[in-house]
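Structure record follows, encoded as structure tokens.
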Amino acid sequence: MSENNNDKITVKRTLTLKRSVLETSTVKQNFSHGRTKAVVVETKRRKITRTDEKAETPQPITKPHVAPQRSRPRFEDAKPNEPTAKSNLSSAEIEARLRALEEAHIQERIIREQAEEEARRAKEREESLRQTIQKTEIDETPQEEEEPTLQTQTPSLSPAQSQIEPINIPITPKNTTVIEKRKADETKEDDRNSRRTNLAKSEVRAPKVLKGADEKRRGKITLNSALDEEGSARGRSMAAMRRRQEKFKRAQNQEPKEKISREVILPETITIQELAQRMTERSVDVIKFLMKQGQMMKPGDVIDADVAELIAVEFGHTVKRVLESDVEEGIFNIADNPQKMQLRPPVVTIMGHVDHGKTSLLDAIRKANVVSGEAGGITQHIGAYQVEKNGQKITFIDTPGHAAFTAMRARGARVTDIAVLVVAADDSVMPQTIESINHAKAAGVPIIVAINKIDKPTANAQKVRTELLHHEVFVETMGGETLEVEVSAKTGQNLDKLLEAILLQAEILDLKADPQRTAEGVVIEAKLDRGRGSVATVLVQKGTLHPSDIIVAGNEWGRVRALIDDHGRHVKEAVPSTPIEILGMQGTPQAGDRFAVVTHEAKAREIAEYRQRLARDKAVARQTGSRGSLEQMMSKLQTTGVKEFPLIIKGDVQGSIEAIASALEKLGNEEVRARIVHSAAGGITESDISLAEASHSAVIGFNVRANKQARDCAKTQGIEIRYYNIIYDLVDDIKAAMSGLRSPEQRETFLGNAEILEVFNITKIGKVAGCLVTEGKIERGAGVRLIRDNIVIHEGKLKTLKRFKDEVNEVQSGQECGIAFENYEDIRTGDIIETFHIEHINRTL
């Protein structure tokens, strides 16, 4: 213990004055994002007396009396603690620490005053800046900072304020002593005095550097740099104030824009969205206007030009209506050159009733056998052929006689020059004969009557002539002008006379055409052939058609790759009145479409796209127009219970598909109708099966077959594919299938009456009526009605029918029996029981 005590009070440890002068402290540095670092600071000071320090202490400029008052009590308060501190500090060390503490308080007061002065000046600068911007509105560029320590986020100073020289000020009063200690490399008193003097002088002329200067130099903004000591936010930048002023100025000077009236170009059909864009209006505004008019539409709905014009006028615009068909100008109805007109062969259409021998007559003329190639021996296509008689050519067009091919006959009559009406001598005038007469009269073409089958014993040509008079067809033998020829396709009798009559009629008509102009004609038939693509049978009416010509037919266009005549030979040109097959169409045109040759492929594509768009828009417009209101839709669903029979039809040619669709439309009634989901020329593909599966449709193939992928897909999905080659069979099968969708007819048959004589109440059975059969008979399982005072009060079925104690199947008139009803016991004496039987009968179309 004595040794330890002696160690503590040894002379060596008490006389270490050098270590007491070297002061050690720890400073905690704060960085952005919450990072800190502890730094050890050692300060070496020289021992100086208190009197010298007092003499050298500078007096503050603003309030010189404050320093001695604040430093003295602190010094006196620290003195009593010296004896009781039990520390080894000398008086010089204590005085040095007190001096440092006093200096810190002086610097804190100076910095606080400088901060207040700087806040006042910043407020004045901001106020003057706002007034300057409002008055002059001149762009000012912020002045460059002279030193990095003076970087601030406040606007640039005025010229008077910018003359103040900046000075380095510690960032916070808390770290002032630490920063000065860090900068003090020497412990001389004159350095400390000069630094204190500079701080005192800076009170008057030094503006305070904002707290975020160092952080701004680093390129990062922290929470400490964003707020100053009093918690006030940073000032707005000059660019922000300028933007705010410009925005305010625009708002003050903004005037309501006048509505601009535009000239809106309206085609035949247009969508609501496109109409709004052409008017520079919003689609929502147009739809609101239509809603006020009672029409519910969407931006993608198509409207016609009349509705679009009303909308445009309502919105204050002018309208200029144009026709998109302008692209078709100049391709049809081109005037022929009279000097280049030449005689052309006549186009003759063979018309008449089915099985009257039209195709057989044409075969006899051509010396061919077309009938054997047609399924069922009936013509289901339009055939175009050319024969030669006495060096003159005649073009024949054979039309079907079946009732389903009305459209084909109408097309044949429109493109013809002469109509040959074939009437069977043993069958006389029939419905399709009358229809053919009407088609020929509507087309305005002359008629030549060919009375066929005169070789039959039952032939009666005079009866044919007489019946034709009822339809205003006056033959020459009856005093008229219509030529008539009695022929026999089987024996070839009088075929030459028929051809001579045709040539005579053509000579009377004086048929001419210009072969040197561009070709123009009509599509007779079209189909999709495997290996050859789309094949169109056309009749050239004007001009000459060559390979590599660009043609437009209906909604399709193409470049002619090959021309094939009726004998299957490739030809180099097709002159007027020539039937020809064209290869190279981009798609399959519709039968009856007109075709023409155009000069450029771009024009052909433009015309085809216009026609496709027109057809598509019209279809959409029809659907939109039939939409109706919600009340109409609901009432229609409640009142109409029409069942639909969906079908997908694929045929070999467009004409056959058209005939099938026309025949199926006639089968419908108020209960069931056929709906053709899709129809096209060509074979049955896998996409057709997928469509049938989605729409629950049956697939019909007319003279076509399904490929292997389609057959496998149909087998997997359970889709039925039916093949037909005769239109009779197809229509009959569809008719029978549609008849099955109709609800059966209920037919009631009266059986008999029985009078209730007594009512018995039997256990486990209930009430049983003892009856006497007065009329007819009573059968078990028949329907019964309970009649009381000539009013039917119950209708149901018999539960029990007994005679004496035995169950019987029927009871004849005049016999007594016991009758019990199912789920009904309100029977009385004197009631009449009527029995009947209901028969369900399937109805047909």
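Glycine is no exception: its Cβ is also placed from the backbone N, Cα and C atoms.
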Quiz item: Any idea which of 314-317, 398-401, 666-669 is down as region 'G3' in Swiss-Prot?
Solution: 398-401
Practice problem: Measure from the Cβ of ASP355 (GTP binding site) and count the other Cβ atoms within 10 Å, all protein chains considered. | Solution: 16
Quiz item: Any residues 6+ beyond the ends of the region 'G4' (452-455) with a Cβ under 8 Å from its own?
Solution: 356-357, 360-361, 422-427, 461, 486-491, 493
Quiz item: Among all the protein chains here, how many other CB atoms are within 10 A of the CB of GLY352 (GTP binding site)?
Solution: 28
Practice problem: Helix, strand, coil: count each for the residues of the region 'G4' (452-455), based on DSSP. | Solution: 0 helix, 1 strand, 3 coil
Quiz item: Per DSSP, what is the residue tally for the compositional bias 'Basic and acidic residues' (119-129) in helix, strand and coil?
Solution: 11 helix, 0 strand, 0 coil
Quiz item: Around LYS358 (GTP binding site), how many other C-beta atoms are within 10 angstroms of its C-beta?
Solution: 30
Quiz prompt | Cβ neighbour count (within 10 Å, all chains shown) around ILE454 (GTP binding site) | solution = 20
Quiz item: Using DSSP, how many residues in the region 'G1' (352-359) fall into helix, strand and coil?
Solution: 2 helix, 1 strand, 5 coil
